[in-house]
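Undergrad: Sharing the feature lines straight out of Swiss-Prot:
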- 127, 128, 129, 130, 131, 132, 133: ATP binding site (BINDING)
(Lines of atoms letter the chains of each structure in order from A; the text may use other names.)
(Lines give C-alpha, C1' and ligand atoms only; values in the text may rest on other atoms or scores of the structure.)
Protein backbone atom coordinates (compact mmCIF):
# COMPACT_ATOMS: atom_id res chain seq x y z
CA UNK A 1 0.00 0.00 0.00
CA UNK A 2 1.44 3.38 -1.02
CA UNK A 3 1.51 6.14 1.57
CA UNK A 4 -0.19 9.09 -0.14
CA UNK A 5 1.56 11.56 2.15
CA UNK A 6 4.86 10.25 0.86
CA UNK A 7 3.79 10.92 -2.74
CA UNK A 8 2.43 14.37 -1.98
CA UNK A 9 5.85 15.40 -0.73
CA UNK A 10 7.21 15.46 -4.23
CA UNK A 11 10.42 17.33 -3.54
CA UNK A 12 13.70 15.47 -4.01
CA UNK A 13 12.17 12.79 -6.24
CA UNK A 14 14.55 10.15 -7.60
CA UNK A 15 13.19 8.88 -10.91
CA UNK A 16 14.36 5.39 -11.89
CA UNK A 17 13.91 4.34 -15.53
CA UNK A 18 13.35 0.63 -16.10
CA UNK A 19 12.24 -2.37 -14.05
CA UNK A 20 15.29 -4.48 -14.78
CA UNK A 21 17.40 -5.94 -11.95
CA UNK A 22 19.62 -2.89 -11.64
CA UNK A 23 16.66 -0.48 -11.68
CA UNK A 24 14.76 -2.43 -9.03
CA UNK A 25 17.73 -2.58 -6.65
CA UNK A 26 18.60 1.08 -7.23
CA UNK A 27 15.01 1.96 -6.29
CA UNK A 28 15.04 -0.28 -3.20
CA UNK A 29 18.33 1.14 -2.00
CA UNK A 30 17.29 4.77 -2.53
CA UNK A 31 14.05 4.15 -0.66
CA UNK A 32 15.95 2.47 2.19
CA UNK A 33 17.84 5.73 2.79
CA UNK A 34 14.54 7.60 2.86
CA UNK A 35 14.61 8.96 -0.68
CA UNK A 36 11.37 9.47 -2.59
CA UNK A 37 11.40 7.11 -5.55
CA UNK A 38 9.31 6.71 -8.70
CA UNK A 39 9.95 4.02 -11.32
CA UNK A 40 8.88 4.24 -14.95
CA UNK A 41 8.80 1.14 -17.13
CA UNK A 42 8.04 1.48 -20.85
CA UNK A 43 6.54 -2.01 -21.12
CA UNK A 44 3.28 -3.23 -19.61
CA UNK A 45 3.36 -6.97 -19.10
CA UNK A 46 2.20 -9.49 -16.52
CA UNK A 47 5.82 -10.19 -15.59
CA UNK A 48 5.98 -6.74 -13.94
CA UNK A 49 2.89 -7.01 -11.75
CA UNK A 50 4.51 -8.98 -8.91
CA UNK A 51 7.53 -6.67 -8.61
CA UNK A 52 5.23 -3.64 -8.94
CA UNK A 53 3.27 -4.81 -5.90
CA UNK A 54 6.46 -5.53 -3.94
CA UNK A 55 7.89 -2.07 -4.66
CA UNK A 56 4.67 -0.25 -3.89
CA UNK A 57 4.64 -1.90 -0.46
CA UNK A 58 7.94 -0.05 0.07
CA UNK A 59 6.27 3.24 -0.90
CA UNK A 60 7.84 3.28 -4.37
CA UNK A 61 5.44 4.46 -7.06
CA UNK A 62 5.64 2.27 -10.18
CA UNK A 63 4.18 3.40 -13.51
CA UNK A 64 4.03 0.85 -16.32
CA UNK A 65 3.70 1.71 -20.01
CA UNK A 66 5.43 5.02 -19.31
CA UNK A 67 7.80 6.36 -21.95
CA UNK A 68 11.01 8.17 -21.03
CA UNK A 69 10.22 11.50 -22.70
CA UNK A 70 10.99 14.98 -21.42
CA UNK A 71 7.44 16.31 -21.65
CA UNK A 72 6.34 13.70 -19.09
CA UNK A 73 9.02 14.86 -16.62
CA UNK A 74 8.79 18.59 -17.23
CA UNK A 75 5.70 19.28 -15.02
CA UNK A 76 7.64 18.25 -11.88
CA UNK A 77 11.22 18.84 -13.02
CA UNK A 78 11.93 21.24 -10.13
CA UNK A 79 11.27 18.39 -7.70
CA UNK A 80 13.69 15.95 -9.39
CA UNK A 81 16.86 15.17 -7.42
CA UNK A 82 18.25 12.57 -9.81
CA UNK A 83 17.30 10.34 -12.72
CA UNK A 84 18.70 6.80 -12.67
CA UNK A 85 18.79 5.35 -16.18
CA UNK A 86 19.37 1.88 -17.56
CA UNK A 87 22.62 1.33 -19.51
CA UNK A 88 20.45 0.45 -22.51
CA UNK A 89 19.37 4.09 -22.86
CA UNK A 90 21.91 5.99 -25.03
CA UNK A 91 23.67 8.83 -23.23
CA UNK A 92 22.84 11.13 -26.13
CA UNK A 93 19.12 10.37 -25.73
CA UNK A 94 17.12 13.57 -26.25
CA UNK A 95 15.58 13.40 -22.77
CA UNK A 96 18.96 12.90 -21.06
CA UNK A 97 20.42 15.88 -22.91
CA UNK A 98 17.50 18.10 -21.85
CA UNK A 99 17.70 16.91 -18.23
CA UNK A 100 21.43 17.64 -18.05
CA UNK A 101 20.88 21.11 -19.50
CA UNK A 102 18.46 21.70 -16.63
CA UNK A 103 21.15 20.67 -14.16
CA UNK A 104 19.52 17.33 -13.29
CA UNK A 105 21.88 14.56 -12.19
CA UNK A 106 21.57 11.62 -14.64
CA UNK A 107 23.40 8.47 -13.50
CA UNK A 108 23.28 4.68 -13.58
CA UNK A 109 22.77 2.10 -10.84
CA UNK A 110 26.52 1.61 -10.39
CA UNK A 111 26.99 5.32 -9.68
CA UNK A 112 24.15 5.14 -7.12
CA UNK A 113 25.98 2.30 -5.36
CA UNK A 114 29.29 4.17 -5.56
CA UNK A 115 27.91 6.88 -3.30
CA UNK A 116 27.80 4.40 -0.40
CA UNK A 117 30.58 2.04 -1.56
CA UNK A 118 33.26 4.59 -2.46
CA UNK A 119 35.17 3.92 0.76
CA UNK A 120 35.46 0.26 -0.32
CA UNK A 121 38.30 -0.91 -2.59
CA UNK A 122 37.25 -1.10 -6.25
CA UNK A 123 38.63 -2.89 -9.29
CA UNK A 124 37.02 -1.74 -12.55
CA UNK A 125 37.44 -3.96 -15.62
CA UNK A 126 36.57 -2.80 -19.11
CA UNK A 127 37.39 -3.82 -22.69
CA UNK A 128 35.69 -4.95 -25.87
CA UNK A 129 36.40 -8.62 -25.18
CA UNK A 130 37.73 -10.53 -22.17
CA UNK A 131 36.32 -8.35 -19.41
CA UNK A 132 33.83 -10.93 -18.12
CA UNK A 133 36.46 -13.66 -17.85
CA UNK A 134 38.92 -11.28 -16.13
CA UNK A 135 36.22 -10.12 -13.71
CA UNK A 136 35.09 -13.63 -12.81
CA UNK A 137 38.60 -15.12 -12.52
CA UNK A 138 39.90 -12.22 -10.42
CA UNK A 139 36.92 -12.43 -8.08
CA UNK A 140 37.54 -16.19 -7.74
CA UNK A 141 41.22 -15.76 -6.85
CA UNK A 142 40.55 -13.05 -4.27
CA UNK A 143 37.70 -15.04 -2.68
CA UNK A 144 39.87 -18.18 -2.57
CA UNK A 145 42.28 -16.14 -0.46
CA UNK A 146 39.69 -15.15 2.15
CA UNK A 147 38.87 -11.77 0.68
CA UNK A 148 35.20 -10.98 0.15
CA UNK A 149 35.37 -9.78 -3.46
CA UNK A 150 32.04 -10.24 -5.26
CA UNK A 151 31.92 -9.82 -9.03
CA UNK A 152 29.35 -7.26 -10.04
CA UNK A 153 28.48 -4.56 -12.56
CA UNK A 154 27.78 -5.96 -16.02
CA UNK A 155 27.70 -9.47 -14.53
CA UNK A 156 26.68 -10.83 -11.17
CA UNK A 157 24.63 -9.08 -8.51
CA UNK A 158 23.66 -5.39 -8.88
CA UNK A 159 25.82 -3.36 -6.51
CA UNK A 160 22.78 -1.58 -5.10
CA UNK A 161 21.65 -4.95 -3.71
CA UNK A 162 24.78 -5.01 -1.53
CA UNK A 163 24.14 -1.42 -0.51
CA UNK A 164 20.50 -2.23 0.33
CA UNK A 165 21.33 -5.33 2.40
CA UNK A 166 24.24 -3.66 4.25
CA UNK A 167 26.51 -6.44 2.98
CA UNK A 168 28.78 -3.75 1.58
CA UNK A 169 30.21 -3.36 5.08
CA UNK A 170 31.89 -6.77 4.69
CA UNK A 171 33.24 -6.28 1.15
CA UNK A 172 37.04 -6.19 0.83
CA UNK A 173 37.09 -5.53 -2.91
CA UNK A 174 34.36 -4.74 -5.43
CA UNK A 175 35.31 -6.48 -8.70
CA UNK A 176 33.18 -4.69 -11.29
CA UNK A 177 32.86 -5.41 -14.99
CA UNK A 178 32.04 -2.06 -16.59
CA UNK A 179 30.73 -1.80 -20.14
CA UNK A 180 31.10 1.40 -22.14
CA UNK A 181 27.38 2.00 -21.56
CA UNK A 182 27.86 1.77 -17.79
CA UNK A 183 30.98 3.95 -17.76
CA UNK A 184 29.05 6.72 -19.52
CA UNK A 185 26.45 6.86 -16.76
CA UNK A 186 28.90 6.35 -13.87
CA UNK A 187 30.93 9.59 -13.99
CA UNK A 188 31.83 9.53 -10.28
CA UNK A 189 33.20 5.97 -10.18
CA UNK A 190 36.97 6.05 -9.57
CA UNK A 191 38.44 2.55 -9.05
CA UNK A 192 41.58 1.81 -7.06
CA UNK A 193 42.62 -0.52 -9.89
CA UNK A 194 41.52 -0.18 -13.52
CA UNK A 195 42.01 -2.94 -16.12
CA UNK A 196 41.65 -2.51 -19.90
CA UNK A 197 41.52 -5.93 -21.58
CA UNK A 198 41.15 -5.21 -25.32
CA UNK A 199 39.89 -2.60 -27.72
CA UNK A 200 38.35 -3.35 -31.11
CA UNK A 201 35.53 -1.91 -33.18
CA UNK A 202 32.18 -2.54 -31.48
CA UNK A 203 29.00 -0.76 -30.38
CA UNK A 204 29.33 1.89 -33.09
CA UNK A 205 25.55 1.86 -33.48
CA UNK A 206 25.59 3.41 -30.00
CA UNK A 207 28.80 5.46 -29.86
CA UNK A 208 28.86 6.57 -33.52
CA UNK A 209 32.66 6.73 -33.86
CA UNK A 210 35.59 4.58 -32.78
CA UNK A 211 37.13 7.63 -31.12
CA UNK A 212 34.05 8.15 -28.91
CA UNK A 213 34.08 4.49 -27.92
CA UNK A 214 37.82 4.60 -27.14
CA UNK A 215 37.56 7.76 -25.06
CA UNK A 216 34.74 6.33 -22.93
CA UNK A 217 36.87 3.28 -22.07
CA UNK A 218 39.91 5.48 -21.55
CA UNK A 219 38.05 7.69 -19.07
CA UNK A 220 37.70 4.81 -16.60
CA UNK A 221 41.45 4.16 -16.63
CA UNK A 222 42.24 7.86 -16.25
CA UNK A 223 40.14 7.95 -13.09
CA UNK A 224 41.79 4.82 -11.65
CA UNK A 225 44.65 5.03 -9.15
CA UNK A 226 46.50 2.06 -10.68
CA UNK A 227 46.15 0.88 -14.29
CA UNK A 228 46.73 -2.43 -16.08
CA UNK A 229 46.80 -2.74 -19.90
CA UNK A 230 47.12 -5.51 -22.50
CA UNK A 231 50.15 -4.88 -24.75
CA UNK A 232 49.11 -7.72 -27.08
CA UNK A 233 46.13 -5.65 -28.19
CA UNK A 234 47.41 -3.60 -31.13
CA UNK A 235 44.97 -0.73 -30.56
CA UNK A 236 46.07 -0.34 -26.94
CA UNK A 237 49.72 -0.83 -27.88
CA UNK A 238 49.45 1.93 -30.49
CA UNK A 239 48.32 4.30 -27.70
CA UNK A 240 51.09 3.21 -25.30
CA UNK A 241 52.65 6.66 -25.00
CA UNK A 242 49.36 8.58 -24.73
CA UNK A 243 47.60 6.40 -22.15
CA UNK A 244 47.95 7.16 -18.45
CA UNK A 245 50.95 5.41 -16.90
CA UNK A 246 50.33 1.83 -15.84
CA UNK A 247 51.40 -1.81 -15.83
CA UNK A 248 51.40 -3.73 -19.14
CA UNK A 249 51.20 -7.47 -19.88
CA UNK A 250 52.13 -9.52 -22.96
CA UNK A 251 52.03 -13.17 -24.03
CA UNK A 252 54.56 -12.55 -26.81
CA UNK A 253 58.02 -14.11 -26.55
CA UNK A 254 59.47 -11.21 -28.53
CA UNK A 255 62.02 -9.82 -26.08
CA UNK A 256 61.64 -6.30 -27.45
CA UNK A 257 58.16 -6.25 -25.87
CA UNK A 258 59.60 -6.94 -22.42
CA UNK A 259 61.02 -3.40 -22.27
CA UNK A 260 57.49 -1.97 -22.18
CA UNK A 261 55.86 -4.79 -20.21
CA UNK A 262 55.84 -5.83 -16.56
CA UNK A 263 54.29 -9.31 -16.85
CA UNK A 264 54.78 -12.06 -19.44
CA UNK A 265 55.10 -15.86 -19.80
CA UNK A 266 58.48 -17.31 -20.76
CA UNK A 267 59.15 -20.31 -23.03
CA UNK A 268 59.13 -22.64 -20.01
CA UNK A 269 55.65 -21.54 -18.88
CA UNK A 270 56.87 -19.39 -15.99
CA UNK A 271 54.94 -16.24 -15.15
CA UNK A 272 57.48 -13.41 -15.20
CA UNK A 273 57.02 -10.31 -13.06
CA UNK A 274 59.39 -7.47 -13.95
CA UNK A 275 62.10 -9.89 -15.08
CA UNK A 276 61.76 -12.35 -12.18
CA UNK A 277 59.98 -15.70 -12.12
CA UNK A 278 56.79 -15.59 -10.06
CA UNK A 279 55.50 -19.16 -10.52
CA UNK A 280 55.18 -21.88 -13.14
CA UNK A 281 51.81 -22.14 -14.86
CA UNK A 282 50.67 -25.75 -14.53
CA UNK A 283 46.91 -25.82 -13.94
CA UNK A 284 44.90 -23.44 -16.11
CA UNK A 285 41.89 -24.82 -17.93
CA UNK A 286 40.96 -21.96 -20.26
CA UNK A 287 41.88 -22.31 -23.92
CA UNK A 288 43.61 -19.84 -26.20
CA UNK A 289 46.16 -17.03 -26.22
CA UNK A 290 43.40 -14.56 -25.35
CA UNK A 291 42.83 -16.38 -22.06
CA UNK A 292 46.55 -16.24 -21.25
CA UNK A 293 46.25 -12.48 -21.73
CA UNK A 294 43.26 -12.49 -19.39
CA UNK A 295 45.24 -14.50 -16.84
CA UNK A 296 48.19 -12.08 -16.87
CA UNK A 297 45.85 -9.12 -16.37
CA UNK A 298 44.35 -10.93 -13.38
CA UNK A 299 47.76 -11.80 -11.94
CA UNK A 300 48.89 -8.17 -12.20
CA UNK A 301 45.77 -7.06 -10.32
CA UNK A 302 46.06 -9.80 -7.68
CA UNK A 303 49.68 -8.82 -7.06
CA UNK A 304 48.65 -5.19 -6.60
CA UNK A 305 46.05 -6.35 -4.07
CA UNK A 306 48.89 -8.07 -2.21
CA UNK A 307 48.65 -11.79 -2.99
CA UNK A 308 51.78 -13.90 -3.33
CA UNK A 309 52.56 -15.86 -6.47
CA UNK A 310 51.93 -19.13 -4.61
CA UNK A 311 48.48 -18.03 -3.45
CA UNK A 312 47.53 -17.01 -6.99
CA UNK A 313 48.83 -20.30 -8.43
CA UNK A 314 46.99 -22.41 -5.85
CA UNK A 315 43.73 -20.59 -6.61
CA UNK A 316 43.86 -21.44 -10.33
CA UNK A 317 43.58 -25.22 -9.92
CA UNK A 318 39.86 -25.25 -9.05
CA UNK A 319 38.65 -22.41 -11.27
CA UNK A 320 35.61 -23.18 -13.41
CA UNK A 321 34.92 -20.83 -16.27
CA UNK A 322 31.57 -19.18 -16.89
CA UNK A 323 29.22 -20.82 -19.42
CA UNK A 324 28.98 -19.72 -23.06
CA UNK A 325 32.71 -18.95 -23.32
CA UNK A 326 34.44 -21.69 -25.31
CA UNK A 327 32.38 -24.12 -23.24
CA UNK A 328 32.82 -27.77 -24.19
CA UNK A 329 29.35 -29.31 -24.02
CA UNK A 330 30.16 -32.67 -25.64
CA UNK A 331 33.34 -34.57 -26.38
CA UNK A 332 34.26 -38.06 -27.58
CA UNK A 333 37.22 -39.46 -29.48
CA UNK A 334 35.98 -38.04 -32.77
CA UNK A 335 34.15 -34.80 -32.04
CA UNK A 336 34.12 -31.87 -29.61
CA UNK A 337 31.14 -29.49 -29.54
CA UNK A 338 31.87 -26.02 -28.17
CA UNK A 339 29.39 -23.32 -27.17
CA UNK A 340 30.90 -19.84 -27.57
CA UNK A 341 27.66 -17.85 -27.61
CA UNK A 342 29.51 -15.01 -25.84
CA UNK A 343 31.34 -14.38 -29.13
CA UNK A 344 29.14 -11.42 -30.06
CA UNK A 345 31.66 -9.77 -32.40
CA UNK A 346 34.22 -10.86 -34.98
CA UNK A 347 37.31 -10.33 -32.82
CA UNK A 348 35.92 -12.54 -30.07
CA UNK A 349 35.09 -15.19 -32.65
CA UNK A 350 38.61 -15.04 -34.11
CA UNK A 351 40.12 -15.59 -30.65
CA UNK A 352 37.99 -18.69 -30.16
CA UNK A 353 38.72 -20.12 -33.61
CA UNK A 354 42.47 -19.61 -33.17
CA UNK A 355 42.43 -21.56 -29.89
CA UNK A 356 41.29 -24.75 -31.70
CA UNK A 357 43.51 -27.21 -33.54
CA UNK A 358 42.31 -29.44 -36.36
CA UNK A 359 39.26 -29.37 -38.63
CA UNK A 360 36.43 -27.04 -37.60
CA UNK A 361 32.91 -26.46 -38.78
CA UNK A 362 31.44 -23.23 -37.47
CA UNK A 363 27.94 -21.89 -36.83
CA UNK A 364 27.59 -18.10 -37.02
CA UNK A 365 24.83 -15.51 -37.24
CA UNK A 366 22.56 -13.13 -35.38
CA UNK A 367 22.33 -9.37 -35.58
CA UNK A 368 25.32 -7.60 -37.12
CA UNK A 369 26.85 -4.70 -35.22
CA UNK A 370 28.24 -3.02 -38.31
CA UNK A 371 31.72 -4.42 -37.76
CA UNK A 372 34.33 -4.99 -40.43
CA UNK A 373 34.57 -8.72 -41.14
CA UNK A 374 37.53 -9.03 -43.53
CA UNK A 375 39.97 -10.39 -40.91
CA UNK A 376 37.32 -12.83 -39.65
CA UNK A 377 36.81 -14.21 -43.17
CA UNK A 378 40.58 -14.62 -43.65
CA UNK A 379 40.75 -16.71 -40.46
CA UNK A 380 37.78 -18.80 -41.61
CA UNK A 381 39.50 -19.45 -44.95
CA UNK A 382 42.48 -20.92 -43.11
CA UNK A 383 40.79 -22.77 -40.26
CA UNK A 384 37.28 -24.02 -41.10
CA UNK A 385 35.96 -26.74 -43.37
CA UNK A 386 32.55 -25.12 -43.88
CA UNK A 387 30.24 -22.57 -42.28
CA UNK A 388 26.59 -22.70 -41.25
CA UNK A 389 24.77 -19.36 -41.05
CA UNK A 390 21.51 -18.50 -39.30
CA UNK A 391 19.42 -15.53 -38.28
CA UNK A 392 19.05 -11.95 -39.42
CA UNK A 393 22.61 -11.57 -40.71
CA UNK A 394 22.85 -14.82 -42.68
CA UNK A 395 22.40 -13.33 -46.16
CA UNK A 396 24.77 -10.42 -45.49
CA UNK A 397 27.42 -12.75 -44.07
CA UNK A 398 27.06 -15.14 -47.00
CA UNK A 399 27.68 -12.33 -49.49
CA UNK A 400 30.61 -11.06 -47.43
CA UNK A 401 32.18 -14.53 -47.39
CA UNK A 402 31.78 -14.91 -51.16
CA UNK A 403 33.11 -11.42 -51.86
CA UNK A 404 36.15 -12.05 -49.64
CA UNK A 405 37.00 -15.24 -51.55
CA UNK A 406 35.72 -17.93 -49.17
CA UNK A 407 35.59 -21.00 -51.45
CA UNK A 408 34.29 -23.62 -49.02
CA UNK A 409 30.68 -24.68 -48.41
CA UNK A 410 28.26 -22.12 -46.98
CA UNK A 411 24.90 -23.32 -45.64
CA UNK A 412 22.18 -20.83 -44.74
CA UNK A 413 19.21 -21.34 -42.39
CA UNK A 414 16.71 -19.10 -40.63
CA UNK A 415 16.80 -20.85 -37.23
CA UNK A 416 19.15 -23.02 -35.20
CA UNK A 417 16.88 -26.06 -34.93
CA UNK A 418 16.66 -26.54 -38.68
CA UNK A 419 20.37 -25.80 -39.02
CA UNK A 420 21.38 -28.43 -36.46
CA UNK A 421 19.26 -31.09 -38.15
CA UNK A 422 21.41 -30.57 -41.24
CA UNK A 423 24.67 -30.29 -39.25
CA UNK A 424 24.18 -33.73 -37.70
CA UNK A 425 23.42 -35.18 -41.13
CA UNK A 426 26.61 -33.52 -42.41
CA UNK A 427 28.66 -34.97 -39.54
CA UNK A 428 27.59 -38.51 -40.47
CA UNK A 429 29.38 -38.14 -43.81
CA UNK A 430 32.27 -35.81 -42.93
CA UNK A 431 35.04 -36.23 -40.37
CA UNK A 432 35.46 -33.03 -38.34
CA UNK A 433 37.27 -32.50 -35.03
CA UNK A 434 35.24 -29.57 -33.69
CA UNK A 435 31.75 -28.13 -34.09
CA UNK A 436 32.03 -24.53 -32.91
CA UNK A 437 29.02 -22.35 -32.13
CA UNK A 438 30.54 -18.90 -32.57
CA UNK A 439 27.79 -16.45 -33.61
CA UNK A 440 30.11 -13.43 -34.12
CA UNK A 441 26.98 -11.25 -33.85
CA UNK A 442 24.65 -10.03 -31.13
CA UNK A 443 21.72 -12.25 -30.12
CA UNK A 444 18.96 -9.65 -30.31
CA UNK A 445 17.40 -10.80 -33.59
CA UNK A 446 15.99 -13.96 -31.96
CA UNK A 447 17.04 -14.01 -28.30
CA UNK A 448 16.98 -11.82 -25.19
CA UNK A 449 20.76 -12.12 -24.70
CA UNK A 450 23.74 -14.34 -25.47
CA UNK A 451 22.96 -16.53 -22.42
CA UNK A 452 19.51 -17.40 -23.73
CA UNK A 453 21.00 -18.09 -27.16
CA UNK A 454 23.69 -20.34 -25.68
CA UNK A 455 21.20 -22.21 -23.52
CA UNK A 456 18.99 -22.76 -26.57
CA UNK A 457 21.95 -24.15 -28.51
CA UNK A 458 22.88 -26.49 -25.65
CA UNK A 459 19.28 -27.71 -25.34
CA UNK A 460 19.10 -28.47 -29.07
CA UNK A 461 22.43 -30.30 -28.98
CA UNK A 462 21.29 -32.36 -26.00
CA UNK A 463 18.11 -33.33 -27.85
CA UNK A 464 20.04 -34.28 -30.99
CA UNK A 465 22.54 -36.40 -29.06
CA UNK A 466 19.72 -38.34 -27.38
CA UNK A 467 18.17 -39.09 -30.76
CA UNK A 468 21.45 -39.95 -32.43
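Cβ atoms here come from the backbone N, Cα and C positions, even for glycine.
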Undergrad: Return the count of C-beta atoms lying within 10 angstroms of the C-beta of residue 129 (ATP binding site), excluding that atom itself.
TA: 25
Undergrad: Below 8 Å Cβ to Cβ and six or more residues apart, same chain only. Which residues does that give for residue 127 (ATP binding site)?
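TA: Residue 127 (ATP binding site) has long-range Cβ partners 134, 195, 196, 197, 198, 199, 217, 230.
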Undergrad: Near residue 132 (ATP binding site), which residues of its chain come within a Cβ-Cβ distance under 8 Å, counting only those 6 or more away in sequence?
TA: 154, 155, 177, 322, 325, 342
Undergrad: Taking DSSP as the reference, which of helix, strand or coil describes residue 132 (ATP binding site)?
TA: helix
